[in-house]
Amino acid sequence: MAATLIDGKAIAREIREGLKARCAALAARGVTPGLAVVLVGEDAASQIYVRNKERACKATGIRSVAVRLPADTTQEALEDKIRALNDDATVDGILVQLPLPAGLDERRVLALIRPEKDVDGFHVQSMGALVTGAAGFLSCTPKGCLELIRRTGVPLAGKEAVVVGRSNIVGKPMALLLLRENATVTVCHSRTADLAAHTRRADILVAAVGRPGMITGDMIKPGAVVIDVGINRLEDGRVVGDVDFASAEPVAGFLTPVPGGVGPMTIAMLLENTLESAEKRA
Ligand code: GUN
């Protein structure tokens, strides 16, 4: 039987409608949520991501503060900008689009963002909160993936979850989130011996490696929930995930399409985090 597709686009739309109402309630109390989006340099993909985030803010009722800096911006100038945004009471969230141009110290920049405004969840304090179970912002893509898994109705406790990829942005926080939900979690990566032996055990499989179609149907346990975080642009212009859709679809129980799966959820979670921050301010 073919997998049930998880419609991230529709779920994100529904979530964003709810956020719009919460935004309007805040506005009635005289508070407009604000998100500062910092983009350094001219990276083409980053420009598209940032534009989409800013559009989503406007559509929801969040004021977006665009901060565009040239590729040759110094570390000091960028840090000064972050400090100013930290001190700006009308800014509830600060997002620094990654990757930063070569020569800029990403770790130092992220560490400077006040954790109360760290709506991307990349600050070591936010990551540490996730590790220890304390309150803090969850990074948007893993948070969105968890919401998609929840919506399948498949319980996570006691299940085998396998995350392929160990990035700070997706793989590591995703694994921690699944652990928090009482799944038994395995993290695989580029040096994993016999990847398929692991993925075939997975009741929940999250692919976040950035390699088009690398998870094929024969690597999937029949009936598994498969979450595809990959957004890979092929030479012919097509955008595909890390999961080979054609071979995965007849095997998986639930599957996210690309595009229209995880992508729209990342933005919805960013808006949600920003709104939560503004609600705390209000
Ligand atoms: N670059 C790739 N993904 C992301 C993301 O979720 N947030 C930021 N800030 N940069 C990214």
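For all residues, glycine too, the Cβ spot is worked out from N, Cα and C.
Per TrEMBL, these features apply:
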- GLY165, ARG166, SER167, ILE231: NADP(+) binding site (BINDING)
- 6-120: domain 'Tetrahydrofolate dehydrogenase/cyclohydrolase catalytic' (DOMAIN)
- 139-281: domain 'Tetrahydrofolate dehydrogenase/cyclohydrolase NAD(P)-binding' (DOMAIN)
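Features as recorded by TrEMBL, highlighted on the structure.
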residue	record	Cβ within 10 Å
GLY165	NADP(+) binding site	23
ARG166	NADP(+) binding site	18
SER167	NADP(+) binding site	15
ILE231	NADP(+) binding site	19
* Using DSSP, break the domain 'Tetrahydrofolate dehydrogenase/cyclohydrolase catalytic' (6-120) down into helix, strand and coil residues and give each count. => 61 helix, 18 strand, 36 coil
* For the domain 'Tetrahydrofolate dehydrogenase/cyclohydrolase NAD(P)-binding' (139-281), the number of residues DSSP places in helix, strand and coil -> 55 helix, 26 strand, 62 coil
* Asked: Per the record, NADP(+) is bound by GLY165, ARG166, SER167, ILE231: how many Å separate the farthest pair of Cα atoms?
  -> 16
* To do: Calculate the per-residue pLDDT averaged over the domain 'Tetrahydrofolate dehydrogenase/cyclohydrolase catalytic' (6-120) and state the result as an integer.
  => 97
